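Here's what Swiss-Prot has on this protein:
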- 33-53: transmembrane segment (TRANSMEM)
- 77-98: transmembrane segment (TRANSMEM)
- 83, 182: heme b b562 binding site (BINDING)
- 97, 196: heme b b566 binding site (BINDING)
- 113-133: transmembrane segment (TRANSMEM)
- 178-198: transmembrane segment (TRANSMEM)
- 201: ubiquinone binding site (BINDING)
- 226-246: transmembrane segment (TRANSMEM)
- 288-308: transmembrane segment (TRANSMEM)
- 320-340: transmembrane segment (TRANSMEM)
- 347-367: transmembrane segment (TRANSMEM)
């Protein structure tokens, strides 16, 4: 009998990607985050779809419609809390996924890595426009501050900002288009994810040792399907605990007040997952400089393959580079903390120091460490 799974045009694609896929035998739990991100995306699209059925993208109605979802819609509170905290879960998995890629040298699969960076930008854009939709104080002022950054672009800046706003301030037109963007972007992300997987399956997965694993491969199913299901259960458990017991922990109290253009909140800050970039933006006392630093802090990921100087792919056997990696991780935690603090001393100088360290570690120290390790491993006889 012909195995339909291996011959049917559609099932063959699924089979080659999730069942008979040859996978390295030694990939650790750090390789779970790719599948978890896929689950997060599906979860966000589904909860978002149900929210969109009840949400009204009008400045007079948006805030009330979100309150209506939480109070009057069947399990609306759960759908809304799962969606809001699902975004936090998404970014947690995303940052761990990127960290794994940096630690184990996965960025040397250049096409997969570059598509991943584009995905990061698309997800950040989606999260930003989504945060504006409840039309609370922080939604409104966050939208005003972040879109205003585009006015730093010489010559066309002001025109560009007014074009994005659809008027002379953040208003009804802005909210309506942000809702449209927030609805369409996840499907763009879905398409990019397929391309990301396509390029990954051209080369096969990397592994912790960084050595070519072709001589020792195992089928994806059942070994990694069961491992992914364990990861999924743990993530869903964490998400449900967060969404049911403390759904507002990661949110901003200011967003419980309806948007008021006449009253500015004392501290305007984005959600926790943007704070590191916000701290880098604020550390430069110049609008254009800050915007460029903000962009550079994420675009720098694109040059990781060019900055790789080591003869070894992974950091598994490279103690100096490992130390620098964990310094970079700690630095990102410091930047995240600083991004949530007011602009006053000592936070200003800490933020500036952490920003300099961030760029210096990636551009100078890590390539240098790779070269030193190469020299140390050279036979001296």
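Even glycines carry a Cβ here, placed using N, Cα and C.
Cα of residue 182 (heme b b562 binding site) to Cα of the residue listed as 'ubiquinone binding site': a span of 29 Å. Taking CA atoms as the reference points, residue 201 (ubiquinone binding site) and residue 97 (heme b b566 binding site) are 17 Å apart.
In the three-state DSSP classification, residue 182 (heme b b562 binding site) falls within a helix.
Tallying C-beta pairs under 8 angstroms between the transmembrane segment (320-340) and each of 226-246, 288-308, 347-367 places 347-367 first. Within the chain, the transmembrane segment (77-98) has long-range Cβ neighbours (under 8 A, six or more residues past its boundaries) at 30, 33-34, 36-37, 40-41, 43-44, 47-48, 50-51, 66, 69-71, 116, 120, 123, 127, 130, 235, 238-239, 242-244, 247, 250-251, 271-273, 301. Outside the transmembrane segment (178-198) by six or more residues, the chain places 17, 38, 41, 44-45, 48, 52, 55, 57, 112, 115-116, 118-119, 122-123, 125-126, 129-130, 132-133, 143 with a CB less than 8 A from a CB of the stretch. Sequence-distant neighbours of residue 196 (heme b b566 binding site) (same chain, 6+ apart, CB under 8 A from its CB) are 112, 115, 116, 119.
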